[in-house]
């Protein structure tokens, strides 16, 4: 059943591709819209079951031989995510029907979007980590396709490839981490792994696996310093940004970390790495959001920052898993609970804000803050929605953001009380960072609303007089806005049905330990911090003109973005330089490589496994004639190097060949000697015949260093081969198979062993060598024929 | 039919039909029909043999009934027959593609017989159980490849074929010397017998030395670091169908040979020999990765991807446990399929645009959506994105690597995937998405003709990924046979028939 839920969008996507040319484009949108609506209803049906802490499971086989099965599990944690995926998905698709222009390809858009929906559902429902990884990569791919939806724009293509590179690198590292988990637990099932992990903290792969997993999660959820892809991903159509790059896909990393909290949580590194990365991201995102002029870029950094906030909460909350935590467990379960609460809240207000920005862009034609202002009177409803979203994001009362922001402050304050990990010493610093980040958050939220909608109206002929957006574009953000307010007044409804069952998945007794949410908890530190944020935020916003210009003094080439770009282009340049350097297409260099490599590996071998035994005592002693002949051959070979004409070289080469024939005579192999003589005679004669047609013999001009180098390599190469030859020479442990052939007359009816071997025992070799000659003949024939035709075939075809 | 000699057929059938083809050297129709028939027939007999091996285990034929180790044994184990079947399949599809693309003059220059002879050599090399016979088969397919690389005789082809020949002649000389040394130690050439005798001796310096010499010899063919320098230039020269054959098949013979000798024969000093292989595999991945991003030429990009894959496959062999080796074989076959596919696709791309430089291409997706999207999916398959064809192999290689304790090396392998992806997807982004540039816009019918074999190969490759479970028993058997060499040895030496 779950598999059907997951694949449903995919099937519809395929259907859309097939029928796209036959039906009206808007209709495609409505078909696509029906998918998440139906799925939302189907998933919502399970809320009662899941809230009583049960889970739904289905299994199908895929590669059972290696334990890779399609097992899906719907529990409290997954439920929150699937409802977000389908709920926000429905709203976004509805919105997009009115947002896309008539020039855009609806079929492609909805195909990708539904593909993404399947992938994302798969990620949060898979129990098998390999299947999870499969879907994980599919979210990256569909995101890649959606960012490049307007692929004719260069920025879209660049943004797409950048996000693909970063998230997929993370995916591959995560896969390596998953495989380590498999090696540790011998299972691909999340449940099994999570159950066994706490006992495996001493395993050598425990920390490597954790690190790789975290990199995967951080890249996906745009955590510092991997956040750089998210602003560039804003080249995507706005509905996509609202859906993938704010509400769902970027939360996959958060899902992963939440999912693995029962396994890794309770470890000190897990706690500090996630908390610190989260806090740095929170701060860095909000700090940078303030300087943006593009509304979508502002929202992108704001998303980064908010993801950091959720991450921080997950980090803090992981302390609750540690058994040493004792009484304080409730306090840290509180952090996990808040993480999930804020996750939902963020989706509501950020989703609506993206849609608002989309409306502005759509109706006005720009989203550049410097050219916007006073839109309130033209777009009153949009303004209202923008206010709701921004105030919720800033953490003002009467919006859901207020609740989770207060709870976040509580959680950060609780680090100071941490009995383990040495949290008490640095707790105040973390509070300060979180507080500062919140001030920045407040400021950019105000920028978003007031810079866009208040102030002087724009009088620019370039733009049409903006009109309020159509109902279809207002309803989806409207629903999210109503939710943002509704959750402030009835938070415990959400808590009881969705959040508590999810916390139960993360921590034992989580549901019991989860707090009841109150808007008012008296005059405590959190409230004063919030008041401070608002006060300082208002002051900072009013004085914005005074301090915002200082941003430009931050060196622009010291960012991670520059680092990424220069690494990539540097890598390409380096690759080109290195490659061109050794791939010079020069035959002598090739030999240099072969022989140097050969010599190096051989001597390395002897260096490592110890020298090999070289003996000079031969079973048969060498005669004077043999010695003389060897000297002659050596002399001839060396002389070739110094030959000044081709004729000399050929004749010297002949000397070598004929000497080998004489050796055969010495070793009483007359047939071989005869063959060798014939071959030598023929080749030498052929050479001489061709002589006339060959170009001038050119002596290579080489510098003396190169000559010495080449000479040394040649000598070392010869020496190496000789040493091995001497070493293997005396090895007589086994009887050679040749003794079998000595019986050739009885076996094969031939008195001559060589003939019997060639013609019978190993006739197959002989036949194939015949084939080799035959093919060589064909080759020569084609080349000659081509020459007769003067020149080559033109290659018009490939 | 007596099935006992089935082992010989994938070698003999292309040899025979190739020879017959020489009789009709002026008839285009006969060349095409018989050429395709030859490859198809080879495929059919290999599939028969595959079924036989899957059912009855390793098949052995001792030629001339001279009992092993005295005669030449042909041995079809799972690894061998899987490669033979894949090679035959790819030859068939590439020949089909050539019919539409090579041009009549080249087709009539012994293209079809030379290709079939090359298949003879390749299938023989995959099958033989005799180390000297392996050398002979190497000569056969190399000689055929010399003919193919020069086919048509353009200037660049003649220049590159010269280098190719000379490098290979040197490698061949080293090969013979190495065999001579090995024979001098053991007095035998039969691989199973070699395994037994070297097993008796145990770890010894001189044997490790010879093992490394074989690594150098086969490394030149396989294209491992730093011995692949000849490969990009030589592979670049011939027409695309030939390039596809070379890229998909030739380096794989080198990989096969390394795998064979390093799982069957040289297993007495694994700590040294396989560590050396591991180092070289990692270096191959790194340098291949450097090269793949250095070029904007579509052919060069894919050629460097061959090198990376060689490293990844040998990494699994070097890790030397059943999971990793099984993964290597899975990945090896995936790589053969997907490389052939990519080369053919690049061929269509070059045909459409008339260019090979990416910077001069753009905006093709509107006009050629099928090519564009299949190419994108093929790139994801190449990178091993699940559930496509590279995935299962890669995951097993990594898992085996981790089980063998090669942690950072496994991470290098995982990350090399990014380079593969980036380099190949660039082609998609530039050529299909980029701003529209002028191109040839050849007649639609010619485009469609070429796309038929491409799409068929595409479907096969994708099926190899998604439905891998159906083939999994074969690969598990391969892994078992490779890691338990006694199965091979008993089949050759024990069960004399």
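Placement of Cβ uses the backbone N, Cα and C atoms for every residue, glycine included.
According to TrEMBL, the features are:
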DOMAIN    A:63-110  domain 'NADH-Ubiquinone oxidoreductase (complex I) chain 5 N-terminal'
DOMAIN    A:126-416  domain 'NADH:quinone oxidoreductase/Mrp antiporter transmembrane'
DOMAIN    A:631-696  domain 'MrpA C-terminal/MbhD'
DOMAIN    A:706-786  domain 'MrpA C-terminal/MbhE'
TRANSMEM  A:27-44  transmembrane segment
TRANSMEM  A:107-124  transmembrane segment
TRANSMEM  A:130-151  transmembrane segment
TRANSMEM  A:163-185  transmembrane segment
TRANSMEM  A:297-319  transmembrane segment
TRANSMEM  A:331-357  transmembrane segment
TRANSMEM  A:378-399  transmembrane segment
TRANSMEM  A:471-490  transmembrane segment
TRANSMEM  A:527-544  transmembrane segment
TRANSMEM  A:622-643  transmembrane segment
TRANSMEM  A:673-691  transmembrane segment
TRANSMEM  A:712-731  transmembrane segment
Segment confidence, the domain 'NADH-Ubiquinone oxidoreductase (complex I) chain 5 N-terminal' (A:63-110), expressed as mean pLDDT: 85
Number of helical, extended and coil residues in the domain 'MrpA C-terminal/MbhD' (A:631-696), per DSSP: 57 helix, 0 strand, 9 coil
Helix, strand and coil residues within the domain 'MrpA C-terminal/MbhE' (A:706-786) as assigned by DSSP: 66 helix, 0 strand, 15 coil
For the transmembrane segment (A:673-691), distant same-chain residues with Cβ under 8 A (at least six beyond the ends): 646-647, 650-651, 653-654, 657-658, 660-662, 664-665
Secondary structure content of the domain 'NADH-Ubiquinone oxidoreductase (complex I) chain 5 N-terminal' (A:63-110), with strand meaning DSSP E or B: 32 helix, 8 strand, 8 coil
